[in-house]
Every structure is written in structure tokens, then in C-alpha cells.
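Chemist: This is the structure I want to talk about, given as C-alpha cells.
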Amino acid sequence: MPKVGIIYNDIKPVAGRVAIELKDKLTAAGWDVSITSSIGGILGYSNPESPVCHTPIDGLTPPGFDSEMKFAIVLGGDGTVLAASRQVAPCGIPILAINTGHMGFLTETYLNQLPQAIDQAIAGEYEIEERAMLTVKVLRGESVLWEALCLNEMVLHREPLTSMCHFEIAVGRHAPVDIAADGVIVSTPTGSTAYSLSAGGPVVAPGVPVLQLVPICPHSLASRALVFPDTEPVNIYPVNIPRLVMVVDGNGGCYIFPEDRVYLERSPYSVKFIRLQPPEFFRILREKLGWGLPHIAKPTSVELP
């Protein structure tokens with residue numbers, strides 16, 4: 001009996017309703033269906049009383065999800081896809097992401113096209129697009145305090161009402177550099193269209209094997225976004241702040257103290273996205289972010305000669 005998974009956003013009633021309906025339909029068609037919510041992929045935040053919230057990378061896979069599963073249907077928005085990625089990437093399960101959220105930059109299709117999408121996926125009429133992930137670790141000495149898989153980005157920044165941060169950052173075996181800024185972002189190509197883009201980083205096509213380091217509000221004109229090979233690990237040391245905040249993929253993180261370091265490297269795991277049509281990254285940029293649209297003059301209240 002073929003296996004399929006369903007991961008849904010349990011905060012959205014429509015996603016939960018569709019998940020149950022889809023489970024019944026696939027079960028009746030002879031599929032072994034495992035269903036879970038994306039809450040299992042949410043990392044959670046630590047608090048000052050408990051500064052470390054440890055989430056083992058291999059501990060997020062839901063019961064019933066394994067490498068024998070043909071694919072997993074994800075019902076939600078981009079946040080749900082980010083959480084689901086951590087749940088299934090260690091098993092190599094492909095994701096068919098159905099948008100029930102807002103922008104849906106990472107999703108493949110919309111809810112009103114769900115029946116056709118399921119039929120096409122069951123028939124095997126799709127391509128697989130792999131997206132690189134990061135392994136993020138917080139180390140104190142050689143002890144791992146916290147670790148997580150990351151599809152978009154890791155952000156390390158100051159707390160509100162605190163002064164500017166200094167970071168000592170070493171990329172690979174290159175000489176460390178000092179960056180003065182409100183924070184720093186290390187992102188994958190997938191994350192280049194998220195927080196990194198808003199902070200002034202470049203857009204990187206998904207298949208390019210690079211990472212990027214983007215300062216947040218740097219205190220120097222010389223501190224600009226850096227793109228480097230994803231074979232280079234990154235070590236980040238806080239220099240002058242009692243405590244920093246680290247956030248991974250916008251949905252979890254922990255506090256970083258002066259005695260800690262943040263270590264990042266390309267993960268051996270990747271996310272496998274089911275593409276029902278040949279992937280067209282520039283088309284998605286155009287549709288979702290308005291990239292490359294022709295400039296249209298805005299109407300003016302002044303009549304020009």
C-alpha cells in the first residue's frame with residue numbers, strides 16, 4: 001500500500017478541514033495516510049529564565065513519516081512550509097505545498113487547484129526541485145546547546161533598547177572580520193527573497209550553491225552583503241553585548257551570550273519540492289514580488305503641458 005503524508009496548519013480552519021477531507025479521499029483510494037499538524041516543526045522560543053530551547057534535528061519527524069513515503073501534502077502558507085521542511089527533510093520526503101495562506105512564495109499551487117494537483121502527483125507527473133538547508137548550532141566550548149535545520153535564514157540581532165552590536169565573523173578559513181550593526185543575517189538562496197532581501201541583500205537563484213551574509217543596519221559604508229560558496233562554514237562570535245537574540249526561519253530561537261558562538265554550515269539534508277510545472281524562478285519573482293514589471297507612470301493632479 002503506497003504511503004502519503006499530510007501536514008497542515010492547525011491555526012487555519014480551512015487547512016484542517018481540507019486535511020481531513022483529503023485523508024478520507026486518499027484512504028478510500030487505497031493509500032496509507034499519515035496526518036499531522038505543522039506545530040511539530042515549530043522550534044519555539046527560549047526565555048530569559050530558560051535561555052536554551054533545544055530541539056534535536058532528527059526529533060521533529062512525525063510518527064508514520066519515513067523514507068518509504070511517496071510525498072507529503074502541505075496545507076498552509078510559507079510559515080507552514082518552513083516548519084514542514086524541518087519535519088520531512090531528514091527522511092527525504094518530497095513536499096507538495098498547497099497555499100491556504102497569503103503570499104505563498106514557497107507553495108506550488110492554490111487550494112482551488114488541489115484536485116488536479118493531487119491527481120498529477122499520484123500519477124508521478126512532476127519534477128523535484130531540491131533546495132539547500134543550513135544546520136545552525138549554538139556552541140559553548142565544544143558542547144552543543146541548541147541546533148536546528150534552517151531553510152530561509154538565521155538572524156542574530158540585538159534586543160530592543162540596547163546598543164549596537166559588534167560581531168566577529170569567520171567564513172571558512174578566511175581571516176575573521178568585525179561588523180558593527182544591529183544584527184546579521186546568514187541566508188540560503190531560498191532565504192534571499194525573505195528578510196535578507198529587505199535588509200539589502202541580493203536575490204539569489206535557488207540552484208546557485210552559495211550562502212550570503214547580510215548586515216542589518218550596519219554602522220559602516222564598507223559593511224555590505226557578502227555572497228560566498230556554501231562549502232564554507234561560518235562562525236559568529238558576539239563581542240560586546242551581554243545577550244543577543246537568534247531567530248531561525250522566523251519561528252524559533254534562543255539567547256546568545258558572550259561565551260557562545262553560532263556555527264552554520266550547509267546541511268546534508270535538503271528540501272525536495274514537487275513542481276507540477278518546470279520551475280520558473282523569475283516568473284515567481286514577477287508574480288509574487290513584482291520583479292521586472294514595467295514601470296507605469298502614476299496619475300498626477302497637475303496637468304502637464
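Start at 1 and count along the chain as shown; that gives each residue its number.
Placement of Cβ uses the backbone N, Cα and C atoms for every residue, glycine included.
So Swiss-Prot says this about it:
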type: BINDING; residues: ASP78, GLY79, ASN152, GLU153, ASP182, THR193, ALA194, TYR195, SER196, LEU197, SER198, ASN251; note: NAD(+) binding site
type: ACT_SITE; residues: ASP78; note: active site, proton acceptor
Chemist: Check the DSSP secondary structure of ASP182 (NAD(+) binding site), expressed as helix, strand or coil.
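Modeler: For ASP182 (NAD(+) binding site) - judged by DSSP and reduced to three states - the answer is coil.
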Chemist: Could you tally the C-beta atoms, other than its own, that fall within 10 angstroms of the C-beta of ALA194 (NAD(+) binding site)?
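Modeler: I get 23 for this one.
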Chemist: Please find, for ASP78, GLY79, ASN152, GLU153, ASP182, THR193, ALA194, TYR195, SER196, LEU197, SER198, ASN251 as listed binding NAD(+), the greatest distance between any two Cα atoms, in Å.
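Modeler: Largest Cα to Cα distance for the NAD(+)-binding set is 26 Å.
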Chemist: Under 8 Å between C-beta atoms and at least six apart in sequence, can you list the same-chain neighbours of ASN152 (NAD(+) binding site), or say none if there are none?
Modeler: LEU82, SER187, THR188, THR190, GLY191, ALA194, TYR195, ASP249, GLY250
Chemist: According to DSSP, folded down to helix, strand and coil, what is ASN152 (NAD(+) binding site)?
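Modeler: The three-state answer is coil.
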Chemist: Using DSSP with the three-state reduction, classify ALA194 (NAD(+) binding site) as helix, strand or coil.
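Modeler: For ALA194 (NAD(+) binding site) - judged by DSSP and reduced to three states - the answer is coil.
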Chemist: Please work out which residue of ASP78, ASP182 has the most C-beta neighbours within 10 angstroms of its C-beta, and give that one of the binding-site residues.
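Modeler: Answer returned by the neighbour count: ASP78.
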Chemist: Going by a 10 angstroms cut-off between Cβ atoms, which of the binding-site residues SER196, SER198 has the sparsest surroundings?
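Modeler: Checked SER196, SER198; of these binding-site residues, fewest Cβ neighbours within 10 Å: SER198.
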